């Protein structure tokens with residue numbers, strides 16, 4: 001079958017087909033061959049003068065695609081045949097090919113790019129400030145990390161991205177590979193208590209993401225649990241210092257909170273006061289005191305009052321206006337129902353009723369409503385309104401999308417979409433994301449997985 005495709009491409013080219021023709025997303029035939037791993041077709045296209053440096057709609061070149069997919073032979077063809085591909089070409093988010101093969105763990109491609117190209121810039125960053133080493137660490141690609149450091153040195157270890165994170169922070173965010181953490185520490189470039197610009201450490205990352213084995217490992221190796229991070233969004237007059245325990249507590253990682261409360265440093269001979277303050281000499285940091293809980297509840301009420309005052313009146317809903325039908329989804333926040341509101345079929349996100357809402361629950365609800373109420377685009381789900389009167393009855397009402405989720409379509413129903421449908425969906429998603437990213441106050445997604 002492959003030989004038939006090759007023959008078809010050959011015949012088309014022999015009869016004058018334009019080798020650099022671009023489709024709706026500005027992909028050339030070479031882009032598509034590189035993405036799908038068609039080595040012989042790639043050779044043929046190059047023979048007929050395919051431009052290896054033509055850019056797709058988001059600035060991606062064929063070498064970006066081959067690197068992301070791990071096709072070493074195709075990467076070599078693009079670098080060695082005819083006009084050499086630009087190994088430092090950047091896409092619209094400033095990713096170079098090395099970023100992609102590092103992120104997806106293709107260490108053989110990483111090795112080839114670093115060993116065979118003197119022009120390659122191994123420490124270049126994308127728009128988020130991430131080096132190739134950051135991306136390898138965020139995704140736990142230990143073999144790639146070893147290749148990068150062995151072949152390009154340790155310069156990337158000291159670089160911080162826009163989230164105040166070094167590669168060590170990134171590895172602690174991934175949190176599932178203790179060997180990777182130990183390897184980075186063994187480079188003797190950053191110590192275990194290195195703080196980013198906002199003050200947070202690798203231990204903060206591990207606590208926030210719930211990696212209890214890593215938390216134990218870091219503590220055993222001298223991590224200081226009393227170092228504090230600050231909120232960079234606060235004005236200079238405000239002080240909002242946060243220990244790693246607070247980060248774990250905010251995210252509901254109770255096992256880590258317990259570990260931190262009862263952890264005793266080996267060098268200390270006597271038990272520490274359970275209520276030692278952050279930054280003190282003790283190893284324990286208390287969970288919020290009763291006064292702290294009152295402050296937290298006061299802040300939550302203030303957040304809700306501000307939201308009520310700022311939300312346009314037509315978005316204020318009463319629970320009596322909503323008619324609940326069947327459950328269509330659920331999560332840690334509660335349940336999503338299909339229903340009716342103001343003569344519209346809607347989706348209702350109903351927050352779970354707790355004795356008290358945790359600070360993160362209230363904060364998440366207020367943040368979500370404040371964002372949704374200012375969105376208006378045909379490719380973004382329409383906000384109908386929210387119930388704000390009683391925290392035990394918080395609800396967000398949005399447009400109901402009758403087709404269901406793309407995740408369900410692809411992974412549960414196992415539907416095969418034709419190319420036209422895929423392109424329509426992809427373009428709609430891209431338009432929606434472009435709208436979000438180009439707002440006066442952009443909404444940036446660190447991950448898009450649905």
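Heads up, the Cβ atoms here are built off N, Cα and C, so glycines get one too.
As annotated by TrEMBL, repeat 'ANK' applies to 28-57, 58-90, 93-120, 128-160, 198-230. Look at TrEMBL and you will find 322-450 tagged as domain 'Protein kinase'. Feature annotation from TrEMBL assigns ATP binding site to 349.
For residue 349 (ATP binding site), the Cβ neighbour count at a 10 Å cut-off comes to 19, with all displayed protein chains included. Look at the repeat 'ANK' (93-120): DSSP puts its residues at 16 helix, 0 strand, 12 coil. When pLDDT values are averaged over the repeat 'ANK' (93-120), the model yields 95.
Outside the repeat 'ANK' (58-90), and at least 6 residues removed from its termini, the chain residues within Cβ reach (under 8 Å) are 28, 30-31, 33-35, 37, 39, 42-43, 46, 49, 51-52, 96-98, 100-101, 103-106, 108-109, 112-113, 116-117, 119-121, 124.
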